[in-house]
Amino acid sequence: MVQQAVIQRSANQQLSNQRSANQRATNQPTEYVGRFAPSPSGDLHFGSLIAALGSYLQARAQGGKWLVRIEDIDPPREVPGAASRILAALEHYGLHWDGPVIYQSQRHEAYRATLNWLEQQGLSYYCTCTRSRIHQLGGFYDGYCRDRHLPASGAAIRLRQTQPVYAFYDKLLGELHAHPALAQEDFIIRRRDGLFAYNLAVVVDDAFQGVTEIVRGADLIEPTVRQIALYQQLQHPVPSYIHLPLALNNQGNKLSKQNHAPPLPNGDPRPILIDALKFLRQPLPEYWQDLDLYLLLRYAVEHWTLVSIPLQGAITPQKTQRHSQSKHGEL
C-alpha cells in the first residue's frame, strides 16, 4: 500500500491551488472512456475483480465505453496463458468490453516514438545510477546524471522533470498531496535492460485510446503523480482518477498474485459479484438469486454510486476466499 509519507490526503477537501486541479482543468470530452488494464502475471483474483468491476460500472453508469488492455511489457513476469485466461474470466463474470483488446507488446513502436520526441525536446537523459545508490539516498533519485550527458550504452532513460505534480484530485479520496521528493523526481521511462517503463507505456496508451477517467486500486496512487507529470510534458489531456479501496487477506496485505491470491472460480459468477458489490458497499437487489447475470449487472449499473464506496481497504470475506480456493481446480 502507498506510504502516508509519500502520498497524503488533505485535511481540507477543497483544492488549494492550480497544481491540484490539473486533471479537471483539461479538456472535457463529450464521450466517457474508461478502461481495465491487467498485467498477465497471473490469473484474475477477487482483488483484481474489484478494480475491473468498479471501472466497468463507472463507465457503464456514465453511458461510456469500457476498454480492456493487456499490459504485457515485462516478459520476465508474465505467466504463459494468463492473458487469455484473464479475458475469459472477464467474459465469464459478464464484464464485456468495447472494441479490440490492445496488447502493450504490440505497441513498442509508439513507445519508441515517444522516447524519441522527449529526447528531441530535451526532456529525457541517460542515467547509470543503481538501485543501491538510490536506496542509500532514501529511495528518491537526486538527479545525479541529469547534466552528465552519458552515452546510451548500459543506461536507463529518465524523464527530465519540468512540470512536477505536488497534488492531484481523486473523485473518491479528494485532494491528495505528494512528497516533494516524489513530485520532483526524474523517474525512469525506459529501463536499463531496454524494457519500456510502466509509467511511459500507460500514459502513451491511455492517450492513444482516449481514456477520460482511470478507475483502479489504491495501490496505484503513487504512480499517478508521475503519470500526470508525463501527460503534461507530452501535452496530452489528463484523465480524472478514482482509486478504489484494496481487498486484503487475513494478514492485512493486499490480495495480489505475488501474495498467492486464489484465482476467480469458474462456477456461478453471481455470488462472487455480490461479494464484490458488498465490498464496494453498493445497493443490492433484494432477491438477487432470481436474477440472471445480465440483470444483476444492469441493476448494479443503474444503482452505482461513488458516495457509498469506503475509503479504506478491508479484509476479503472468508466465504469468498474459501469459495475461490475450492474452485481453483476448475481454472
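Heads up, the Cβ atoms here are built off N, Cα and C, so glycines get one too.
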Looking at Swiss-Prot, ARG35, PHE36, ALA37, PRO38, SER39, GLU71, ARG216 are annotated for L-glutamate. Which of TYR198, TYR231 sits in that same site?
-> TYR198
Out of 159-163, 254-258, 264-268, let me know the one Swiss-Prot marks motif ''KMSKS' region'.
-> 254-258
Using C-alpha positions only, work out which of the binding-site residues PHE36, PRO38, SER39, TYR198 is nearest to CYS129 (Zn(2+) binding site).
-> TYR198
Relative to the Cα of CYS145 (Zn(2+) binding site), which of the binding-site residues ARG35, PHE36, ALA37 has the closest Cα?
-> ALA37
Mind checking how the motif ''HIGH' region' (38-48) divides into helix, strand and coil residues in DSSP?
-> 3 helix, 1 strand, 7 coil
Residues near the Zn(2+) site, CYS127, CYS129, TYR141, CYS145 excluded, by Cβ within 8 Å of the Cβ center?
-> THR128, ILE134, ASP142, GLY143, TYR144, ARG146, ALA156, ARG158, ASP186
